[in-house]
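Taken verbatim from TrEMBL:
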type     : residues : note
DOMAIN   : 4-121    : domain 'Response regulatory'
MOD_RES  : Asp56    : 4-aspartylphosphate
TRANSMEM : 417-442  : transmembrane segment
Amino acid sequence: MSTRVLVVTSRPTIREQVRAVLAEAEGIELVEIVEDGAEIVSALDRVGSVDVVLVDEMLGDRNGLDVAREVGLARPLSAIVLMASHPTSEMLSAAMDAGARSIVAAPPSLEEVGSRIESAAAWSRSARRHVASDVIPAGEAGQVIAVAGAKGGVGTTLIALLLARSRAADRSVCLVDLDLQTGDLAAYSGIQVRRNIVDLVEVADELSGRAIGETTYDIGHGLRLLPAPSDGELGEDVTARAARLIIAALRYQYDLVVVDCGSRLDDATSIALELADRAVLVATPDVPALRAARRMIGLWQRLEVRDPAAVDLVINRATRSSEVQPALAPKLTGVPVTAVLPEVGSALEDVMNTATVLEARISVLDRAVEGLALAVLPPVAAPVIRIAPQELDPKQRRGRRRLADREAGQIVVETPIIIGIVLVLTLLAIQLLLFGVSHIVASNAADEAARGYAIGLDDNGVRDAVQDAIPTGWDSGWALDRNGPDTVRVTIRTPSIVPSMIPEAGSTAPILWEPR
């Protein structure tokens, strides 16, 4: 079996020298040379399976290490080898952190092709064999959701646990406790553990489904848990490279991987945030937590871990009586709020003290978590079942053609009816969604009106405040009513495709008068 190699270099001299060396090497197939690092992902999709990706450290205006990381995300089972004009131990360390298997001279010698590139190819083939033998879906990568806290005590672990539970019914889900010093997901789940993520570090280069299965724990409700070490100092063994390999393997083992990153940034959590499809940052509705969230977002941006536009901010433990409301969070943090989770008080305290969080059903909290899941996780697509065609004799083929002709006529008649039904159902779903959004808008507007009255605004001032709080599309046709001295009601007209098809949405809020 020949080793398939894809080369990424923009230097003409290096390109020709690499081509000559690979042509001389036995058992090496050069599938393509990519000159622009920005086209590497499309080239990988075009050429199919590749054993080794040989990346030049200098790629015009791009850094070879960045391209190596991009290749690692797109093809975690392909080995990456970095070409450097002057290989050093520091360059090797940086290459390994970027996901490379080895480093060679630019251009590589024939001996390096026979040793390091072939060794990297052997790893790639071994990884694919493990994937195939342990039933990891080699072609379909699962999703990774990283959940981090702006500071300690904001509810990061609880949200990660409930988010994973909300999607365990229709997909395989793994929880990863990457809060390596103080992680407590095992205690939240009510289990005692002997193995943890540190046990996977030594075998990270050749992780198999069996090794993952022996290190994770079944915590019920369709969830598997990869716990943090009980002794926090052992977490230092989880390097950035090990974290990258473990998360990549879990992505191919499970449909969904939810990573609890805690509230501190280290090598492992920065890799998780970098690799994650979505990153959730949890804060509470108070100024210290929101300032901490702003600092965390800025830190992620400066370290190029996560761009602010790719952060989902979640406000936990929100109440109507809070002095700081979720609407203020975007102004303090610079990112919009993706979801708001309510304060549920003693109901949650009881289940946390008894380690029965997974068994608990707190409807108001479950609905909020479901809304978060819908925001950060797309629905699961129905599996495609392919049936191999059967060989038919001529009589069967003629019969099939006649049957196909009859079915074609039937399809012509039924298609407009089906399209009409689908269109009506789609419009109905849109209207119901708009109606639900109208309730949320009305609730926020009522809270704003109650706040205005509480601080002493007159009717016109309150109406101006409510008008500012209502988004475009809902800002016409609303009504404000005082239901007695201590309550206020806001009614919102729901946008409708068919006028008057959907009723108005209204919400009432109590006026909490400021003491004079």
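Glycine too: its Cβ is placed from the backbone N, Cα and C atoms.
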Same-chain residue ranges lying at least 6 outside the transmembrane segment (417-442) that approach it to Cβ under 8 Å: 470-471, 474, 490-497, 501-507
Residues satisfying Cβ distance under 8 Å from Asp56 (4-aspartylphosphate), sequence separation of at least 6: Val7, Val8, Thr9, Ser10, Arg11, Ile14, Gly64, Met83, Ala106
Secondary structure tally of the domain 'Response regulatory' (4-121) (DSSP, helix then strand then coil): 56 helix, 31 strand, 31 coil
